[in-house]
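Visitor: In case it's useful when we look at the structure, here is the feature table from TrEMBL:
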ACT_SITE  67  active site, proton acceptor
BINDING   68, 73, 75, 77, 86  Ca(2+) 1 binding site
BINDING   159  substrate binding site
BINDING   189  heme b binding site
BINDING   190, 241, 244, 249  Ca(2+) 2 binding site
DISULFID  36-112  disulfide bond
DISULFID  69-74  disulfide bond
DISULFID  118-319  disulfide bond
DISULFID  196-230  disulfide bond
DOMAIN    26-323  domain 'Plant heme peroxidase family profile'
SITE      63  site 'Transition state stabilizer'
């Protein structure tokens with residue numbers, strides 16, 4: 001059944017990995033080749049151990065990386081653990097995976113002390129987590145530095161899953177991403193879960209108003225399942241992809257076609273005329289999602305990075321604290 005895919009291959013242009021832009025930021029693929037040649041092996045080995053114990057950590061790392069980059073740029077500000085930091089914000093309370101990055105960082109520090117940034121570790125760990133669940137591999141350019149600043153209010157800039165498509169497009173464009181990136185990066189919801197509490201408005205929207213029907217719509221059988229599962233405990237979790245929740249694939253988009261988008265922002269991707277053609281292309285050519293996800297993830301990891309001689313950044317020796325605290 002794989003024949004003929006190339007004939008229908010993209011109906012929208014694939015975004016190339018912007019290597020020239022990356023080098024403009026002083027990021028490079030061989031940044032650690034001399035100073036920490038074992039870096040990628042350490043990250044891969046450690047991450048494989050963690051995910052073998054808890055497969056849900058792979059999706060958690062993807063989310064952690066997205067929250068870091070979308071708030072103030074990819075600078076590991078989400079990892080700083082102090083009163084008033086992004087990590088302590090209400091919007092970050094369900095984030096996980098911090099201990100994975102801490103473990104990798106500790107091992108890296110043994111081999112290459114004060115050389116590798118927490119930001120680069122989080123970026124590469126996210127790539128390896130994707131691969132472990134069957135997703136694509138992409139080369140990660142390195143050289144990012146870590147921020148010394150983290151403010152809780154910045155965490156509110158990350159989409160919550162209740163925005164309009166117009167708001168999401170504006171948010172993505174403000175960070176140098178476009179509508180293709182929006183649709184493709186939303187496809188990370190092919191893995192992972194959300195809490196029942198986070199989707200109460202989706203399941204019972206309108207019960208105190210004029211309608212009891214979710215908007216955008218949910219498949220009747222799926223809605224019944226969700227309402228039964230989430231009736232008693234808002235602390236329960238629901239898979240974002242009801243069909244293949246532990247496999248990194250394009251089934252997420254096929255679910256939207258069946259009105260099985262758990263988050264309202266996901267389901268609206270299928271109904272909005274600006275994004276629906278992309279969704280349909282990803283449904284029709286599943287391999288296109290794998291190809292495009294790599295490109296969009298590289299673009300995400302390039303948002304407002306601190307690099308080179310930028311005095312605003314440093315190489316933290318402990319990802320939880322700035323170096324002045326460590327010293």
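Backbone N, Cα and C atoms are what each Cβ position is placed from, and that goes for glycine too.
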Visitor: Same chain only, sequence gap of 6 or more: which residues have a CB within under 8 Å of the CB of residue 63 (site 'Transition state stabilizer')?
Guide: 95, 96, 97, 188, 192
Visitor: Ranked by the number of other Cβ atoms within 10 Å of their own Cβ, which of the binding-site residues 68, 86, 249 ranks first?
Guide: 68
Visitor: Taking the Cβ of residue 36 (disulfide bond) as reference, which residues of that chain separated by at least 6 in sequence fall under 8 Å from it?
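Guide: Correct list: 108, 111, 112, 115, 116.
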Visitor: State the count of C-beta atoms found within 10 angstroms of the C-beta of residue 73 (Ca(2+) 1 binding site), not counting that atom itself.
Guide: 19
Visitor: What's the CA-CA gap between residue 86 (Ca(2+) 1 binding site) and residue 67 (active site, proton acceptor) in angstrom, rounded?
Guide: 9
Visitor: Compare the Cα of residue 74 (disulfide bond) against each of the recorded positions 196, 241, 244 and report the nearest.
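Guide: The answer is 241.
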Visitor: Select one residue from 74, 118, 230: among these disulfide-bonded residues, choose the one with the most other Cβ atoms within 10 Å of its Cβ.
Guide: 118
